[in-house]
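Worksheet for the structure shown next.
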Amino acid sequence: MSALVGNARTSDPAAFGRVAVLLGGTSSEREVSLNSGGNVLDALRARGVDAQPVDGIPALAKALVAQQFDRVFNVLHGHNGGGEDGIVQGLMEAFGVPYTGSDVLGSALSMDKIRTKQVWLSLGLSTPRYARLAAGASAEDIHAAARQIGLPIIVKPANEGSSVGVSRVFDQAQLEEAVTLAARYDGALLMEQLIEGDELTVAVLGDTALPSIRIVPKGQWYDYNAKYIADDTQYLCPGLEGEAEAQIRQLALDAFRAAGCRGWGRVDVMRDGSSGQLYLLEVNTAPGMTSHSLVPKAARQLGIDFETLVWRVLEQTL
């Protein structure tokens, strides 16, 4: 019952019935999700939609048993109590309730950065060199993996978002501290080649890639603070020009579809500062909808305001 992207359009808020805005949860991204969900809820109500907040998966399960809602707008971020790992999608499928975003497979695959990379590489799509580290990897294995990839590298949890638990490593002395930080959030870790250059992201809405955004943080990189707290990060949209812009939009669509995603989402990309080559990083299947978030910024470039964006995402459940 996930959103199958088609041409269903409506101007009648009653067509949606009662809508649950799924937010909060218990993942490490709870606060971001509460912020996103509050914005979505306000936008739907402003358009006359009968929308109610539902905090987390257990509350949603109770509501579905009681048949309280006709569809779900999912802005539950992350995994382990979040809404991007396929678990809540399976719940909604079991109850036959339409919902926004990717289905079970697309959500679960995209949450696992390592599996996503394997799919992309099998299709010839570029992604940085990487290694997987199991929980409790020895210091010898950690340093060996770093040498194989070549410094500098990124160390991150394999199944987290919002730059939670992510470190940049420029010398071997920083490695074990970075691994310890990432391991707080997930058992499996991803060690990845650090691409020096432009950080870009491309939002996908239905079958359309929106204009890319080039992210220019005031600090060295786009961390949690730059994403959600600081007001000095620059967002350039479109992030590229001409053929380069067309290329990154097509790459994002290819990567999104390869991961089995649909509905809406966001694809993060690095552009090598020397060669100009594009490298896929990850897919976000329930992107942020905060004041700092990137999907609304890209939509505005096409004249789509926030309320209209939220409406169009929900329309895909009809």
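Yeah, the Cβs are placed from backbone N, Cα and C, and that goes for glycine too.
What Swiss-Prot records for this protein:
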type	residues	note
DOMAIN	117-315	domain 'ATP-grasp'
BINDING	146-201	ATP binding site
BINDING	Asp268, Glu282	Mg(2+) 1 binding site
BINDING	Glu282, Asn284	Mg(2+) 2 binding site
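Known features from Swiss-Prot, placed on the structure.
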residue : record                : CB count, 10 Å
Ala146  : ATP binding site      : 23
Ile153  : ATP binding site      : 25
Ser167  : ATP binding site      : 18
Gln174  : ATP binding site      : 17
Leu181  : ATP binding site      : 17
Ala188  : ATP binding site      : 17
Ile195  : ATP binding site      : 24
Asp268  : Mg(2+) 1 binding site : 20
Glu282  : Mg(2+) 1 binding site : 21
Asn284  : Mg(2+) 2 binding site : 23
Practice item. Averaged across the domain 'ATP-grasp' (117-315), what pLDDT does the model get? Just tell me the whole number, please. Key: 90
Practice item. List only the single closest residue to Ala146 (ATP binding site), chosen from the binding-site residues Asp268, Glu282, Asn284 by CA-CA distance. Key: Glu282
Exercise for review: Would you kindly give the Cα-Cα distance separating Asn284 (Mg(2+) 2 binding site) and Gln174 (ATP binding site), rounded to the nearest Å?
Suggested key: 28
Exercise for review: Reduce the DSSP letter at Leu181 (ATP binding site) to three states and note it down.
Suggested key: helix
Point to revise | Rounded inter-Cα distance in Å - Glu282 (Mg(2+) 1 binding site), Ala188 (ATP binding site) | key: 16
